[in-house]
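Trainee: Got a structure for you, questions after.
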Amino acid sequence: MSVRPLKIRPAIIGNWKMNGSGKEIKLVSRFADFVNKHKIAADVMICPPATLIDRAGLAVKGSKLRIGAQNCHNEPSGAHTGDISATMLKDAGARAVIVGHSERRTGYDETDKQVRQKAQAVIDQGLQAIICLGETRQQFNKGQTLQVVGRQLRGSLPSSATPQNTLIAYEPVWAIGSGRTPKPDDIIKVHTHLRKTLLKLHPKAGAKFKILYGGSVSAANASTILALENVNGALVGGASLSFKDFTAILRSV
Ligand code: PEP
C-alpha cells in the first residue's frame, strides 16, 4: 500500500488548556493581526477555554485565525450539569473541537467509544473534530506505540470522518508538557502507521487527512518536526500562550 505523502496544507493549532482569562483576548487579537499580516502557509487556530470562545470569536472576526474548543459532550443538550455540547460551542463561535486529549482520556477515563461519539457530535454540527491519540511512557518503553495508536485511531474515528471534517493529532502522553519529544524517526514511524491505518479505513480519502504532531512543540524544534514525512502540522500547548513562541512556530511552517 502506498503511503507516499500528498502535499497537504498544514494546520497549527494552539491548545490553551485551562489557562487564560479576559485579559488574554488581547493575545488572541495579536495572533489574528500576525496571521493577517504574514503569509502563513498553514491553517491557524487557537482553542481557548470555553469561557473565552465567544470573546475570542469576536476578536478574530474578519481574520484568518479561527477559534476552536477543547472538549464537548456527545449529546446536543440535556441533563448534563456542567457539560457543554458541540451545538453550544458552535453557537459561541467555535469552528472545531479537540476530542480525546490525553488529559481527558486519563483524567476522566474517556474511552475510544466516547471519543468517537464526541467526534460524531462535532461533525454533526458542521465543525471539525481534532481527535487526539498517543501512547504513555510505559507503552512507549514496552514498544507498544504503533499497536496503541492504531487501536485508538480505529476506535475513535467515526465512520463519517472525512479529511475536511476531521484532523488527527498524535500526542505521545510522555511528551506533553515535558519538554521532551520523540526522535524524528520515531515520529515518522508513528505518522506513517497512522497514514496506513487511515488508508485502510478510507481507501480513497485516507491520504488527505491531516495528521498533526503534538507534545512539547517549541520555537526551537518546530521546523524540524513540521518538515517530517506525514506530519501535517502541530497541536501546540504551552508555547501557544506566548506571542513570541507561537508566532515563531508559525514562521517555521
Ligand atoms: C497539548 O497538551 O496538546 C500539548 C501539545 O501540550 P504541550 O505543547 O505543552 O506539550
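The backbone N, Cα and C atoms fix where each Cβ goes, glycine too.
Features from TrEMBL:
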| type | residues | note |
| --- | --- | --- |
| BINDING | Asn15, Trp16, Lys17, Gly177, Ser216, Gly237, Gly238 | substrate binding site |
| ACT_SITE | His101 | active site, electrophile |
| ACT_SITE | Glu171 | active site, proton acceptor |
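Could you place the listed features in the three-dimensional structure?
Mentor: Secondary structure at Asn15 (substrate binding site), taken from DSSP and collapsed to helix, strand or coil, is strand. All chains included, 26 other C-beta atoms sit within 10 angstroms of the C-beta of Asn15 (substrate binding site).
Here His101 (active site, electrophile) comes close to Asn15, Gln70, Asn71, Cys132, Glu171: these same-chain residues lie at least six apart in sequence, with C-beta atoms under 8 angstroms from its C-beta.
Of all Cβ atoms in the protein chains displayed, 26 besides its own lie within 10 Å of the Cβ of Glu171 (active site, proton acceptor). Following the DSSP three-state reduction, the secondary structure of Glu171 (active site, proton acceptor) is coil.
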Trainee: Rounded to a whole angstrom, what is the largest C-alpha distance between any two of the residues Asn15, Trp16, Lys17, Gly177, Ser216, Gly237, Gly238 that the record assigns to substrate?
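Mentor: Value for the max Cα separation, rounded to a whole number: 14 Å.
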Trainee: If you check the binding-site residues Trp16, Gly177, Gly238 one by one, which have a CB less than 6 Å away from any atom of ligand 1?
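Mentor: Cβ < 6 Å from ligand 1, in sequence order: Gly177, Gly238.
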Trainee: Using an 8 Å cut-off from the Cβ centroid of Asn15, Trp16, Lys17, Gly177, Ser216, Gly237, Gly238, can you name the remaining same-chain residues around the substrate site, in sequence order?
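Mentor: Apart from Asn15, Trp16, Lys17, Gly177, Ser216, Gly237, Gly238, the close residues are Ile176, Val236, Ala239, Ser240, Leu241.
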